[in-house]
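Colleague: My questions will all concern the structure given below.
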């Protein structure tokens, strides 16, 4: 008779079983959730990986995305040309043709008026094409490791006719090549082989790295990005520091971070 369970005991047992079931289900779900953290110095390719994941696992970019990236392409293109023009006097390089001076002034005027996100006018497009074809500009471009220049500069400047067309719309490759400084934390979700991935892209400039600590908890893996082109380039925020050396120091500091050593 003493083996009979009271209603209260049965209820407690049922609650216990339900808790065990919930914990098991939570454990199964947790095992399917993969948190990936993209880290690396500035301009190491982290945001490009995020864009590629969007193309591969999220059906690509929306029509709104293409529309929003159009002014980014315009700005990246003209800003790249301006970076070359500004570097020329510092490197002691002159235009191959002195008639390019008015063309350069036109480009600088666009920047000063903050109109670099606008479609190129016919006059501006012609000026940019003449500048890009100039031997002095090409010589300066060949020494781009000595100053700050987007990796996409040649890609866009070699295709000015297409970018300058009135009906121009960015391609996926154009979007992948754009450069927009990441500030804060960008999060992308996608599923692959019954696993739920959360990919976090964090700004790589030194001023942004203090935000990384907030992302370390429950991280499944870190993807550390290093651009192979960095071996002879310097940091945007410190032109006395080699980018590759900065990446090596950064990788070492992450490996020895308390979140991963305890």
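In case you wondered, yes, glycine gets a Cβ from its N, Cα and C as well.
From TrEMBL, for reference:
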type	residues	note
BINDING	43-48, 151-152, 176-182, 201-205	GTP binding site
BINDING	47, 182	Mg(2+) binding site
Colleague: What does DSSP assign residue 43 (GTP binding site), in three states?
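Modeller: For residue 43 (GTP binding site) - judged by DSSP and reduced to three states - the answer is coil.
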Colleague: Starting from the Cβ of residue 43 (GTP binding site), draw a 10 Å sphere and report how many other Cβ atoms land inside it.
Modeller: 24
Colleague: Please report the Cα separation of residue 151 (GTP binding site) and residue 47 (Mg(2+) binding site) in Å, rounded to an integer.
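Modeller: Roughly 14 Å, rounded to the nearest whole number.
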Colleague: Can you tell which of 151, 201 has the most other C-beta atoms within 10 Å, given these are the binding-site residues?
Modeller: 201
